[in-house]
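Copied from TrEMBL, the annotated features are:
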- 12-242: domain 'HpcH/HpaI aldolase/citrate lyase' (DOMAIN)
- Arg73, Glu139: substrate binding site (BINDING)
- Glu139, Asp166: Mg(2+) binding site (BINDING)
Amino acid sequence: MTTPVNRLRPRRSCLAVPGSNPRFLEKAQGLPADQVFLDLEDACAPLAKPEARHTIVKFLNEGDWTGKTRVVRVNDWTTEWTYRDVVTVVEGAGQNLDCIMLPKVQTAQQVVALDLLLTQIEKTMGFEVGKIGIEAQIENAQGLNNVNEIAQASPRVETIIFGPADFMASINMKSLVVGEQPPGYPADAYHYILMKILMAARANNLQAIDGPYLQIRNIDGYREVARRAAALGFDGKWVLHPGQVEASNEIFSPSQEDYDHAELILDAYDYYTSEAGGKKGSAMLGDEMIDEASRKMALVISGKGRAAGMQRTSKFEIPEA
């Protein structure tokens with residue numbers, strides 16, 4: 001297997017676009033989503049898939065995807081389409097592709113198989129080996145049970161994604177509204193699932209992405225479920241409609257106040273641990289004591305803010321002697 005450099009790309013908003021719809025593919029290029037994934041799976045009818053592969057190749061090569069992570073979701077390994085999806089797309093547009101999203105991942109071996117196929121195509125085509133990442137989508141109970149092994153299966157893996165619709169069906173959850181709580185259960189039915197995905201992602205320095213909210217015109221509902229995932233520590237969420245993009249970018253970015261505070265902590269900690277600052281292990285920043293743990297927490301917020309292009313509005317002032 002390959003050993004590419006681990007890349008934590010901005011993925012606050014991950015826009016799904018049917019690979020068989022040229023009009024949507026054209027429009028997606030102008031939307032402010034961090035990531036766009038061109039879909040060959042659920043959003044693409046079986047009879048449309050062969051032509052959609054070539055449509056995707058054309059749009060990847062000729063479209064303007066500046067500032068976006070470019071992903072193609074192929075069909076899962078249990079179908080007859082996966083091999084041809086990967087070969088056609090990567091051979092045709094591998095130089096303009098960042099990741100392949102593999103749905104319904106149940107075992108680490110399925111990720112290894114995709115890694116090996118990508119490596120063969122890259123070598124055959126003369127592409128940089130390991131350049132194309134993998135996004136693994138967890139959509140059933142077996143996949144969740146194996147999520148840590150899946151996260152470790154290949155150095156190409158960049159994200160672990162929760163696929164709520166298929167997951168709800170796989171465990172017989174009594175709800176027809178994807179992302180909403182099932183009636184009769186007073187707690188959060190998704191908490192364990194989300195936390196297990198998040199722990200596997202963080203343990204392996206990967207990103208965790210929440211899946212779609214299908215009530216596409218209910219932006220308040222989208223915000224509610226997105227805030228749940230963001231509060232836990234998820235990096236982003238799928239968007240199915242242009243109206244969800246702005247909400248997702250906002251929710252998965254730190255507030256200006258939090259971003260400024262994180263940058264102040266980093267500056268202050270650097271100063272107080274230096275020779276000039278007295279080589280202190282902990283110090284006071286206003287009324288707050290900061291130490292190495294504070295620095296680690298601040299790095300998370302700062303990293304998200306910088307990735308979102310935020311600019312600080314305050315700076316650390318060295319205290320007078």
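Every residue number used here counts from 1 along the chain in the order it is shown.
Positions of Cβ are set from backbone N, Cα and C atoms, glycine also.
Caution: TrEMBL annotation is automatic and unverified by curators.
In the three-state DSSP scheme, Glu139 (substrate binding site) is classed as coil. The average pLDDT computed for the domain 'HpcH/HpaI aldolase/citrate lyase' (12-242) is 97. Under the three-state DSSP scheme, Arg73 (substrate binding site) falls in the strand class. Its Cβ placed at the centre, Asp166 (Mg(2+) binding site) has 18 other Cβ atoms within 10 Å.
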